[in-house]
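Undergrad: This is the structure I have questions about; it appears just below.
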Amino acid sequence: MTNNLSGYRNKFVRVKTSKKRTVSSSNWLRRQLNDPYVAKARMDGFRSRAAYKLLEIHEKFKLFTPNMKIVDLGAAPGGWSQVASKLIKASDNNLNNKIISIDVLEIEHVAGVEFVQKDFFEADTEELIIQALDGRADIVMSDMASNTIGHKATDHIRTLLLCEQAFEFALKVLKPSGHFIAKIFRGGAENELLYKVKREFKTVKHFKPSSSRSESTEIYLVALNKK
């Protein structure tokens, strides 16, 4: 099971304050050092703890199978692309599997992944992805989130806007019966988006993986079987 953390829960690590380190950065470092999923990701060879969120989503909904075409939006540092590559048994020589990953930040190569280093919101990016797909996608997935500022309402709206744009893109490239996965932050303004998604997909679920931090308002929108 992805949430088996036996052996990864270490003693609490304290972080000393420093004149060169802000309070927020000290808190982030303390959280990272004491997060068992961070340690597990390091041991399992994943680039981020977010990999376990996608693994849990797959365990719940059984989305990934071999011979799929997948788009990973906001892919850096590549944890979700790594998981997708493993689940569909992708390789650089298997043309039946295709993962197109996009981010403005560079990521190291992942087997079976074609990386597009572009800002998703630039005018020509969608066309580049569509050309790289050479067909329609089975899954569009997005773990994109805006840089949080600690104001929950603002963080909620900003990440919701990213999800909306990912959804509009998914409608253009998904094949019938394709799936859409995206992060949102709960906050009340998501209802209109959920209404739109439910019109386009047969089944729409909310899911909060156990690997998602308990204090976080993030949940994942899992939209199954595009109409």
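Placed from the backbone N, Cα and C atoms, the Cβ positions cover glycine too.
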Undergrad: To which of Asp92, Asp119, Asp155 does Swiss-Prot also attribute binding of S-adenosyl-L-methionine at the site defined by Gly78, Trp80, Asp103, Asp143?
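TA: Among the candidates, Swiss-Prot records only Asp119 at this S-adenosyl-L-methionine site.
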Undergrad: Helix, strand or coil: which one is Gly78 (S-adenosyl-L-methionine binding site) in, per DSSP?
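TA: Gly78 (S-adenosyl-L-methionine binding site) sits in coil per DSSP, no helix or strand.
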Undergrad: Just to be sure I understand the packing, how many Cβ atoms besides its own are within 10 Å of the Cβ of Gly78 (S-adenosyl-L-methionine binding site)?
TA: 25
Undergrad: If you count other CB atoms within 10 A of each CB, which of Asp103, Asp119 wins among these binding-site residues?
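TA: Result of the Cβ crowding comparison: Asp103.
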Undergrad: To the nearest Å, how far is the Cα of Gly78 (S-adenosyl-L-methionine binding site) from the Cα of Lys183 (active site, proton acceptor)?
TA: 16
Undergrad: Anything within 10 Å of Lys183 (active site, proton acceptor)? Look among the binding-site residues Trp80, Asp103, Asp119, Asp143, comparing CA atoms, and list what you find.
TA: Asp143
Undergrad: At a 10 Å cut-off from the C-beta of Asp143 (S-adenosyl-L-methionine binding site), count the other C-beta atoms across all protein chains.
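TA: Counting Cβ neighbours of Asp143 (S-adenosyl-L-methionine binding site) within 10 Å gives 23.
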